[in-house]
Amino acid sequence: MDKTILEAIDAAAEIWSRAVFPVALTGAGISVASGIPDFRSPGGLWSRFDPMEVATDKALRRNPLGVWQFLLEAVQVFVRAVPNPAHEALAELERAGCLQAIITQNIDSLHQRAGSKRVVEFHGHCRSFYCNSCRAAGDVGRVAKLTRADIPWTCAHCGGVIRPEVVFFGEAIPEQAMQEAERLVARADLAIIVGTSGEVAPFSVFPYRIKAMGGRVIEINLGPTAYGRLSDVRIDAPAERVLPELARRILKPHAPAIS
Ligand SMILES: [Zn+2]
């Protein structure tokens with residue numbers, strides 16, 4: 001890594017080491033190295049599916065087949081993905097008491113699979129399924145076996161469409177996740193933004209709130225983002241390279257540098 005990035009990592013490690021209640025805010029960028037292309041990127045799922053046609057509350061009722069053509073691909077991408085060194089570094093920092101929680105927009109469960117315990121899933125997840133009409137639970141064991149011939153997956157009780165526990169466009173953030181996120185943000189004295197460009201509220205507002213209460217902000221993102229000058233330290237490099245380096249500096253501050 002080049003010198004300015006290493007200097008930024010040193011500065012971030014110093015801020016992080018002094019924080020009492022650090023909270024990570026993560027988005028799609030942290031999972032790209034796990035084989036999950038950002039839905040919004042070229043080649044991502046949104047370049048082939050129109051989110052308004054396949055990921056809205058209305059689409060669930062009007063276009064169950066289109067929704068499931070999309071979900072079948074999305075769920076299989078998540079099943080094949082494995083946590084990368086960025087997820088693992090955050091889990092290690094939590095175990096060492098150096099990270100209080102993760103608030104994530106991701107629905108891929110990779111933080112939990114890496115070993116993180118306190119994860120607030122702002123947009124839900126794909127670990128459970130239910131009927132959009134009668135709320136009956138869908139058998140999650142079926143998901144891995146679903147083929148094109150089985151979709152749309154419908155409810156055995158009422159014929160409604162089965163959906164993942166994911167927040168679709170136009171739907172509210174789950175109440176419990178919202179409350180938990182609010183509690184964490186109110187206590188946090190450091191926001192570590194990873195792989196999220198700050199364009200989707202209310203999630204994008206959290207680091208501003210932490211900063212307004214006297215906290216600090218570290219940003220690990222590739223390329224320019226909507227956060228502009230908010231961050232105390234901005235590291236423009238891939239999270240899977242930056243976070244393990246940061247963890248090493250925070251957990252073993254006297255070890256010699258290897259880069
Ligand atoms: Zn049903």
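Including glycine, each Cβ sits where the backbone N, Cα and C put it.
Please treat TrEMBL annotations as automatic predictions, because they have not gone through curation.
The following features are taken from TrEMBL:
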type     : residues               : note
DOMAIN   : 1-253                  : domain 'Deacetylase sirtuin-type'
ACT_SITE : H123                   : active site, proton acceptor
BINDING  : C131, C134, C155, C158 : Zn(2+) binding site
Surrounding CB atoms that lie within 10 Å of the CB of C158 (Zn(2+) binding site), all protein chains: 12
Extra residues within 8 Å (Cβ to Cβ centroid of C131, C134, C155, C158), Zn(2+): N132, S133, R135, A136, T154, A156, H157, G159, G160, I162
Assigned conformation of C131 (Zn(2+) binding site) - DSSP reduced to three states: strand
Least buried by Cβ count (within 10 Å) of the binding-site residues C131, C134: C134
Nearest of the binding-site residues (C131, C134, C155, C158) to H123 (active site, proton acceptor), judged by Cα-Cα distance: C131
